[in-house]
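Written out below as structure tokens is the structure these notes cover.
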Amino acid sequence: MQKNTEPVQEAINITPSQQMIASSMGALLTSFFVTPLDVVKIRLQAQSKPFIKGKCFVYCNGLMDHLCLCTNGNGKAWYRAPGHFRGTTDAFVQIIRNEGIKSLWSGLPPTLVMAVPATVIYFTCYDQLRDILIRSMPERAEIASLVAGATARLWSATLISPLELIRTKMQYRPLSYKELRQCIQSSVAKDGWLALWKGWGPTVLRDVPFSALYWHNYELVKQSLCQRYNTLQPTFAISFTAGAVSGSIAAIVTLPFDVVKTRRQVEVGELEMFTYSQKRSSSTWKLMRAIVIENGFGGLFAGLIPRLIKVAPACAIMISTYEFGKSFFRKLNNERQLKSL
């Protein structure tokens, strides 16, 4: 009975605005620690296979994937000196020594404009939905995290998708508000309102199952660790461990969709930025079949280790910071209640 009533009590003690503050702090910290890993990865990729002018590549700040346009052949929009790196550690050392430590966060500020609000919406919706589901059907409390996680991710992805598409368009050339409005109106007139959600399908196919698996496993691992260490509320270490484990499991299971989503995301981005192209983007399932034909079934699981290196720490940092923030506000609210008595 304790496990069913605890989330409801938590929802009473913590307001949605406090959940939003906790999630925004988690988002900022996650971006701060995870972005350097992806910047180094991009630099190593550019060294082995230079980006072609006008092509897209995917940049991750630990919260969201973002399409980025290579505006010239040497990639100097992203870094001042090309560099010749012998590996990941050498890349970190050389970038800091030759370009300054700030270069490890290249491209981060513009992506935070959408990543932080999307994360705030996602985490706040999850907690609110989970509490509502537990109250409305306490006998099925074990599936509340599964349903809430999938629904919250679906909402946040749907809300952010048009904004990400607009940001991608604006990378190709600066647009005034009038030009941007005309561009959007033209796309809608040609393909309907669904034109604003191009690329939404593969994003949802990856992120919704990932979110459902992540939250379900996170709650299970967290509950198990809390019972093992005889604590009602998760410590920072418990949240960190549960986040890393559940994030890794979800990343492995949904990897085929991540491979397809990345390829389709780049394809759709290039079509959107170069609207004169007559090429039509392939469907998600056609891309999946093409990958299997080209590289075998194993092609759908390409990049497993890099994905785990990125996802596990991002999930661990985000959820442990979020839980710490909620714990802080819970104690603060309890102290205020005691003072008012």
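Every residue gets a Cβ built from N, Cα and C, even glycine.
If you check Swiss-Prot, you get these features:
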{"type": "REPEAT", "residues": "14-132", "note": "repeat 'Solcar 1'"}
{"type": "TRANSMEM", "residues": "20-40", "note": "transmembrane segment"}
{"type": "TRANSMEM", "residues": "104-124", "note": "transmembrane segment"}
{"type": "REPEAT", "residues": "140-224", "note": "repeat 'Solcar 2'"}
{"type": "TRANSMEM", "residues": "143-163", "note": "transmembrane segment"}
{"type": "TRANSMEM", "residues": "200-221", "note": "transmembrane segment"}
{"type": "REPEAT", "residues": "234-328", "note": "repeat 'Solcar 3'"}
{"type": "TRANSMEM", "residues": "236-256", "note": "transmembrane segment"}
{"type": "TRANSMEM", "residues": "299-319", "note": "transmembrane segment"}
For the repeat 'Solcar 2' (140-224), the number of residues DSSP places in helix, strand and coil: 78 helix, 0 strand, 7 coil
Residues of the parent chain within Cβ reach of the transmembrane segment (236-256), under 8 Å, 6 or more residues beyond its termini: 206, 209-211, 213-218, 221-222, 225-226, 229, 288, 300-301, 303-304, 307-308, 311-320, 322-324
Positions whose Cβ lies under 8 angstroms from the transmembrane segment (104-124), at least six residues beyond its ends: 16, 19-20, 22-24, 26-28, 31-32, 35-36, 39-40, 59, 61, 63-64, 66, 68, 78-79, 92, 95-96, 152-153, 155-156, 159-160, 163-164, 167, 211, 318, 322
Taken over the repeat 'Solcar 2' (140-224), the model's mean pLDDT: 81
